[in-house]
Ligand code: UDP
Ligand code: MG
């Protein structure tokens, strides 16, 4: 698909922060909409590197970093971690990886995240993959997935839904207004959802022609 972003693009402060040509796709959708599951399949079929903002934040907690306690508290409350923390983790992950195409899953979560990422990295997403799923379905998936996550309890889930509606949907609306959103009906079973996803990526990004 279209434009390969040249991240020799300078950030607004004039400094280049990502020093290789990279292509970025944002993967957005509510909690439990299947972002992580589908990203794993996209990696397998289309050779992207998957960067889950939530996973990077959880790894940061585990690493015993000085921000760990703050991040842990924010996640427990379903709140959005300050942009500079998440962006630094994403930037480092992009730098450390030789790949030139990345799925950024679960970020940006609000307009401030979006603006800050653009400003700091000079990168714009090639497109946004939006997993659209009913709240009822998302709730039942979160309550049954048993991944040992501290935020998969009904109280935190309700808070995450509220943050999603209030802060994250406007980001999707913004990209819709730019014609960049690829909407996927994510309420269906995994395999059916992936059929729709495949149609978005293939054939331009296929590892092997299909
Ligand atoms: N989070 C955040 N910023 C991000 C991504 C995640 O603050 O860019 C935090 C936020 O508290 C969120 C939690 O991490 O509720 C879990 O995010 P993840 O994407 O792993 O889960 P999802 O809610 O999409 O299932
Ligand atoms: Mg996830």
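Yeah, the Cβs are placed from backbone N, Cα and C, and that goes for glycine too.
Quantities reported herein were computed from a predicted structural model and do not represent experimental measurements.
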Per TrEMBL, member of 76, 79, 180, 188 binding ATP alongside 32, 33, 34, 35, 36, 37, 145: 188
Given TrEMBL lists 58, 79, 80, 81, 106, 107, 108, 109, 149 for ribonucleoside 5'-phosphate, the same-site residue among 141, 158, 160: 160
Contacting binding-site residues, sequence order - 80, 106, 149, 188 vs ligand 1, Cβ under 6 Å: 80, 106
Fewest other C-beta atoms within 10 angstroms, as judged across 32, 34, 36, which are the binding-site residues: 36
Coarse DSSP state, helix versus strand versus coil, of residue 113 (CMP binding site): helix
Distance-selected binding-site residues near ligand 2 (C-beta under 6 Å), from 35, 113, 188: 35
Pairwise Cα distance maximum in Å, ATP-binding residues per record: 32, 33, 34, 35, 36, 37, 145, 188: 16
